Amino acid sequence: MANLRTQKRLAASVVGVGKRKVWLDPNETSEIAQANSRNAIRKLVKNGTIVKKAVTVHSKSRTRAHAQSKREGRHSGYGKRKGTREARLPSQVVWIRRLRVLRRLLAKYRDAGKIDKHLYHVLYKESKGNAFKHKRALVEHIIQAKADAQREKALNEEAEARRLKNRAARDRRAQRVAEKRDALLKEDA
């Protein structure tokens, strides 16, 4: 058996793969041993005496299955954790995400006309001050604030109507009294 180490090295270089990916035909060892140049190796590659081996399959199915189960919440117990809670998900990042969600909601509501700019400003400051734990809490607060404003407006309108009614009654009474006085003065005269 001839030593074909050089031919294997040359073939790997010509084909453009590693030495372990080159197959030399064991029936043609004498012919391969004669090839001592890259050109000769190219000819052997062309006629199929030297062949580039296929890429070995490295399946990702197990990795995909593991990733899927991680998405479902598996493999995440205390035994699997290396970093601290803060290292795994910094509280700063959690805070930023939460605040961005709240601010986005406020801007959307303001642009849609669901809240006016004054209420927007108040709620913006409150959310910065950690008044709302999540989006639902903010939405509920907005609904409550709008209901309170509506109730207050209705009460104010009611009070204003009562004031106008009382003023009209006072005016009518004063007019009646003035008419009676005029009538009495006319009778006396």
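Any Cβ shown, glycine's included, is placed from N, Cα and C.
Fair warning: this is a prediction, and the values are worked out from it, not measured in the lab.
Listed in sequence order, ALA12, VAL15, LYS52, LYS53, VAL55 are the same-chain residues at least 6 apart in sequence whose CB falls under 8 Å from the CB of LYS21 (ubiquitin cross-link). Look at Swiss-Prot and you will find LYS21 (among others) tagged as ubiquitin cross-link, backed by a large-scale study or a structure entry.
Around SER30 (phosphoserine), taking its Cβ as the centre, 8 other Cβ atoms fall within 10 Å, counting all chains. For SER30 (among others), the entry in Swiss-Prot reads phosphoserine.
A 10 Å cutoff on Cβ-Cβ distances gives SER37 (phosphoserine) a total of 9 other Cβ atoms nearby, all chains included. Among the features that Swiss-Prot reports, phosphoserine is placed at SER37 (among others).
Here Swiss-Prot flags LYS53 (among others) as ubiquitin cross-link, drawing on a large-scale study or a structure entry. Just so you know, the Cβ of LYS53 (ubiquitin cross-link) picks up 12 other Cβ atoms within 10 Å once every protein chain is counted. In the three-state DSSP scheme, LYS53 (ubiquitin cross-link) falls into the coil class.
Taken from Swiss-Prot, the feature region 'Disordered' covers 58-85 (among others).
Swiss-Prot lists 59-68 with the feature compositional bias 'Basic residues'.
Marked as ubiquitin cross-link by Swiss-Prot on the basis of a large-scale study or a structure entry: LYS60 (among others). For LYS60 (ubiquitin cross-link), applying a Cβ distance below 8 Å and a minimum sequence separation of six or more within one chain yields no residues.
Sequence-distant neighbours of SER91 (phosphoserine) (same chain, six or more apart, CB under 8 Å from its CB) are absent. The phosphoserine annotation in Swiss-Prot covers SER91 (among others) and is backed by a large-scale study or a structure entry.
Counting only residues at least six positions away in the same chain, the Cβ atoms of ILE115 sit under 8 Å from the Cβ of LYS146 (ubiquitin cross-link). Secondary structure at LYS146 (ubiquitin cross-link), taken from DSSP and collapsed to helix, strand or coil, is helix. Sequence annotations record features per position, and here Swiss-Prot assigns ubiquitin cross-link to LYS146 (among others) based on a large-scale study or a structure entry.
Feature annotation from Swiss-Prot assigns region 'Disordered' to 164-189 (among others).
Sequence-distant neighbours of LYS186 (ubiquitin cross-link) (same chain, 6+ residues apart, CB-CB distance under 8 A): none. Here Swiss-Prot flags LYS186 (among others) as ubiquitin cross-link.
Counting only the Cα atoms, the space from SER30 (phosphoserine) to SER37 (phosphoserine) is about 15 angstrom. Sorting each residue of the region 'Disordered' (164-189) by its DSSP state yields 25 helix, 0 strand, 1 coil. Remark: secondary structure over the compositional bias 'Basic residues' (59-68) totals 8 helix, 0 strand, 2 coil, with classes taken from DSSP.
Residue counts for the region 'Disordered' (58-85) under DSSP, helix first, then strand, then coil, are 15 helix, 0 strand, 13 coil.
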